[in-house]
Amino acid sequence: MTTTTLAVLVPLLPFLGAVAGLLLGRTAPGFVRPLAVLPALAAAVLAVIVAVRQGGGRAIDASTQLTPTGSVPIDLALHLDGFAALVAVLVGVVATCVQLYSTGYLRDDPRYPSYAALVSLFTSAMLLVVYSGDLMVLLVGWEIMGICSYFLVGHYWETPEARAASLKAFLVTKLGDVPFLFGLFALATDAGTFRITGILRAVGSGGLDHPTLIALLLLAGVAGKSAQFPLHTWLPDAMAGPTPVSALIHAATMVAAGVYFVARLLPVFAASAAALTVLAVMAAVTMVGSALAALAQDDIKRVLAYSTIGQLGYMTGALAVGDRGAAVFHLISHGAFKALLFLGAGVIIHAAGTNSLAAMSRMSGLPKRIPDAYWTMTIALFALAAIPPFAGFFSKEAVLVAAEHASLGDTTGVPSGAGWTVLVAGLLTALLTAAYATRLWLLAFRGRGPAVPDHGRQPLVMNGVLWVLAVPSLAFGLAVTYLDDWFDGHALTPTVTTAVLGTGVALVGGLVTYGAWRHTTAMAARPPIGAVAAHPEDSPAVSEAEAIATHTPAYGDIASAPDPADPGRLLLGPLHRHAAVGFHLDAVYHALFVRPVLAGAELVRFLDREVVETYVRGAGAVPRLLGAGVRRAQTGNVQTYLSALLAGSVVLAIAAVIVAAVGA
Amino acid sequence: MSHLAAAAEQGFLSPTGVEIAFLLVGIATLGAAVVTVTTKQLVHAALWLVVALGGLAVEYLLLTAEFIAWVQVLIYVGSVVVLLLFGLMLTKAPIGRSPDADSGNRWAALTVAVAAAAALVWVVVDAFRTQWIDLDGPAQGSTRVTGEFLFQHWVLPFEALSVLLLAALVGAIVLSRKSDNDKEQR
Amino acid sequence: MHLAYPAVLAALLFCTGLYGVLARRNAILVLMSVELMLNAVNLNLVAFDVWLRDTLHAGQALTLFTIAIAAAEIGIGLSIVLMVYRNRGTSDVDKLRDTAEGPAADDEASAMADKAAQEAAQKAEAAA
């Protein structure tokens, strides 16, 4: 088979798996698991083959046109370059891991068939986005991901948090998608085509009339999908979904789509210095803000969610300084270790029976119960904190090097202000990232108190997946010297200055957090706070759903817990209160959007009840009055009827005569 | 053509003897009719009806419809009014003035009647003010003529009418007969 | 003779009968008024027959038929009046009001409508 055929099969197989899973889910439950895992696995293998054949060489383009679509043609097009090949491999591998993990994690879930089918559909949509060479086809995958995320985040729809979160994820990303759509149309109108190659050619020849407008419109959609400030608020709330979904959304799909989209169309953004500056500022605010918020969260998954936002900030920062190689490099390595972190967090939540770090810090012996998760999570946290030689170190260094080049004015077309912004914010975030990674590790695994109840061994499939993902988290960075050819050809190797700076601030952050923890852990002697849900014989998802549902009643808030033993509280000081609620952005949105909409709804309700209803009642009352009047005329006296009849006839006759006389 | 010629000869303000007679009898007839519908004494109403119907018979004579005039006298004055009088008696109508002879509808009735009269008179006068009836020549309604046209041209409807009369006769008998139940009760 | 004389006389007689039909209370008097109206029509028929000199004499033939039908009508009508009088003890037309819309039925219907509206309003409250 040709490379093109294989590439077509990559998104097609999960799609067929999703369709088959939805159709057969009820009638043939035995086929659901193979139908979920095998297409994803096959897609991953095919993606690897495609990547090997493509080999980082010239981009492969293939297209077919199903039907003429007016002035701007829409093609079913493939555009396979090094970025697409490698990201597809990441998506395939992570999706396979997530599907495998889900078979254990949701093994007794009554809605598992539809869940697995939606995950397959999600994967297929992301692969479509990755391989598509036509922006309209890309948009199809983009929107399918939106609706799939809505369904998957709302998987535990019995809990109000999940319902609210799924709705929020959908609405906020849609808020970005509307300008995104306008941006796509504007881009296609300027370039005369939806094909990526055609657009890049048009940009190269300066054929774009409104680069800043287009770039900013597209950025809105990217901010929504990739959870960048100010449209990031859906991502922490999306933690109400099952852990494997979080892993899928955060590591390989959905949030990666935005970054990947900008990477594909980077020349369009690079054509406008204003857009790059906006992108840089957006990235900087996102990075620092999310890292501070992560330090204050109590829910282990929310910590990871904010960390995702921050790492996405690194990627957009790399794009803002014009180095998409670094961005996609970080995307891939982050995908590996973030998937590992989430899947490990799922194991921890099941073993500890809670998702609260405050509760975990009051129980001991967690590493002994789940040694696989302990070791793999440690590796992933090192990667997150960018400690050499883990994968995160190399990719983050690539970003910082690119920012350094830009700030020194070495990169053409990129304002050096953007470079400085990204560089400073990146270093600050490196410090904070190490701090919250250390805090997470210490609170989760170094708790003191009664021993964790024994739930038995975790399912083999879940532990196996963790070790599979640990390999790239550990070693992917070593491939850095080979990656240049796949991307634009920039060197991605770290330089001494940034390596020393980055690692130094990371070590400082980690050590300061450790010191703070030593200081505060003495206060943890109080009895355990919070509720622990233990369901050793049920599937792990049950514990998680219960933990999500009980967090607010137990701690008064979904995001934080009143725990004096938290080192984050000491480190952040007065900032902690604001960081815990995401710097009140939700409250701002509530005041800006939710309350006016509610007021409008109230007004409409009032108008409906008082005004429209009055008309309706009047419309009912007038015929009733008329009816009463007509009924009164029904006297039963024949002479009255006859009088009225004859009077009417006389009137008609006179009218006819008068008309005739006048007419004559 | 002939009546146009007659119209030219006869003026509106020079009434012939027949016209004067017609007018006088007409006024008497109308007066009797008005009294019939307004009097408070029910039996008097029937008697005034006789006067009105008799006046109409005279008008038929003046219009040279002799046979119809006699039929009018025979059937209306002779039988219908007698029937009506019997009806009044059978329903124990009060003799003498009865104050409630008119219903509460009379003002509405008056309005409708006056309006209809005004409209009709206006239209009729407006339509026929230049038309004249030529009464000269052989009588058009003598018994002979009537017998000829009735039994030459109208014989079939005439026979059908006899069936209708029979049906009415039977119907009247059935309706006015006292039922068997009534008899048993007594 | 001027055609307007019989025509106007017929019109006035007809309207007199009309008044009688509408204003009289006793059913037999109403029947008398009907006779007056029929006679007015007869007069018209005869007058126009003479005026037109119709060879078929349709007007006069119709007048004869009308007289016969009037006789039949008065027979049937009187027997009906007699029956009504026998059954109800009166022959006044404005007392025969069986087809009137009763006030009780009216109140009941409106009360039911009000109740239904109230229930609907309560349901709407509960739903809101």
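Glycine is treated like the rest: Cβ placed from N, Cα and C.
TrEMBL does not curate its annotations; it predicts them automatically.
From a predicted model like this one, the values you see are computed outputs, not experimental measurements.
Here TrEMBL flags A:36-56 (among others) as transmembrane segment.
Note on the domain 'NADH-Ubiquinone oxidoreductase (complex I) chain 5 N-terminal' (A:68-115): mean pLDDT across this stretch is 83. Per TrEMBL, domain 'NADH-Ubiquinone oxidoreductase (complex I) chain 5 N-terminal' is recorded for A:68-115.
Residues or ranges marked as transmembrane segment by TrEMBL: A:76-100 (among others).
Long-range neighbours of the transmembrane segment (A:112-131) within the same chain, counting only residues 6 or more positions beyond its ends whose Cβ lies under 8 Å from a Cβ of the stretch, are 7, 10-15, 17-19, 21-22, 24-26, 29, 32-33, 35-36, 39-40, 43, 47, 78-80, 84, 87-88, 91-92, 95, 98-99, 102, 106, 137-138, 140-142, 144-145, 148-149, 151-152, 155, 242, 244-245, 248, 252-254, 256-257, 260-261. Sequence annotations record features per position, and here TrEMBL assigns transmembrane segment to A:112-131 (among others).
The domain 'NADH:quinone oxidoreductase/Mrp antiporter transmembrane' annotation in TrEMBL covers A:132-407.
If you look up TrEMBL, you'll see A:208-224 (among others) marked as transmembrane segment.
According to TrEMBL, the transmembrane segment annotation covers A:245-263 (among others).
Feature annotation from TrEMBL assigns transmembrane segment to A:269-296 (among others).
Within its own chain, the transmembrane segment (A:303-321) is flanked in space by residues 222, 226-228, 232, 235-236, 238-239, 246, 250, 255, 258-259, 262-263, 266, 269, 276-277, 279-280, 282-284, 286-287, 290-291, 293-294, 297, 327-328, 330-331, 334, 338, 341-342, 345, 357, 384, 396, 398-399, 402-403, 405-406, 411, 414, 418-419, 421-422, 425-426, 429, 432-433, 436-437, 440, which lie at least six positions past its ends and keep a Cβ under 8 Å from the stretch. According to TrEMBL, the transmembrane segment annotation covers A:303-321 (among others).
With a threshold of 8 Å between CB atoms, the same-chain residues lying at least 6 positions outside the transmembrane segment (A:327-352) that come near it are 83, 86-87, 90, 93-94, 97-98, 101, 105, 242-244, 246-248, 250-252, 256, 259-260, 262-263, 300-301, 304, 307-308, 311, 314-316, 318-319, 359-360, 363, 366, 369-370, 372-373, 376-377, 379-381, 383-384, 390-392, 394-396, 398-399, 444, 452, 455, 458, 462-463, 465-466, 469-470, 472-473, 476-477, 480, 483, 487, 492, 532, 540, 543-544, 547. The transmembrane segment annotation in TrEMBL covers A:327-352 (among others).
Taken from TrEMBL, the feature transmembrane segment covers A:373-394 (among others).
Sequence-distant contacts of the transmembrane segment (A:464-483) (same chain, at least 6 residues past either end, Cβ-Cβ under 8 Å): 86, 93-94, 97, 100-101, 325, 329, 332-333, 336-337, 339-340, 343-344, 347, 372-373, 375-376, 379-380, 383, 388-395, 398, 492-493. Per TrEMBL, transmembrane segment is recorded for A:464-483 (among others).
Here TrEMBL flags A:495-517 (among others) as transmembrane segment. Here the transmembrane segment (A:495-517) has Cβ contacts under 8 Å with residues 385-388, 393, 396-397, 400-401, 404, 426-428, 430-439, 442-443, 446, 567, 570-571 of the same chain, all six or more residues outside its ends.
Annotation source TrEMBL lists transmembrane segment at A:641-662 (among others).
Distant neighbours of the transmembrane segment (A:76-100): 3-4, 7-8, 10, 14, 36-37, 40-41, 43-48, 50-51, 54, 56, 59-66, 116, 119-120, 122-123, 126-127, 130-134, 137, 195-197, 244-245, 247-248, 251-253, 256, 260, 263-264, 324, 328, 331-332, 335-336, 339, 343, 461, 464-465, 468-469, 472, 483, 485-487; these residues of the same chain sit at least 6 beyond its ends, with a Cβ under 8 Å from one of its Cβ atoms. By number of Cβ pairs under 8 Å, the transmembrane segment (A:245-263) is matched best by A:208-224 from the list A:208-224, A:269-296, A:641-662. Summarised by DSSP class, the composition of the domain 'NADH-Ubiquinone oxidoreductase (complex I) chain 5 N-terminal' (A:68-115) is 28 helix, 5 strand, 15 coil. Residues 203, 208, 211-212, 215-216, 218-219, 223, 228-229, 232, 236, 262, 302-303, 306-307, 309-310, 312-314, 316-317, 319-322, 413-415, 417-419, 421-422, 424-426, 428-429, 432-433, 435-436, 439, 559-560, 568-569, 571-572, 575-576, 579-580, 582-583 of the same chain lie 6+ residues outside the transmembrane segment (A:269-296) yet bring a C-beta within less than 8 angstroms of a C-beta in it. Long-range Cβ contacts of the transmembrane segment (A:641-662) within its own chain (Cβ-Cβ under 8 Å, at least 6 residues beyond either end) map to 633.
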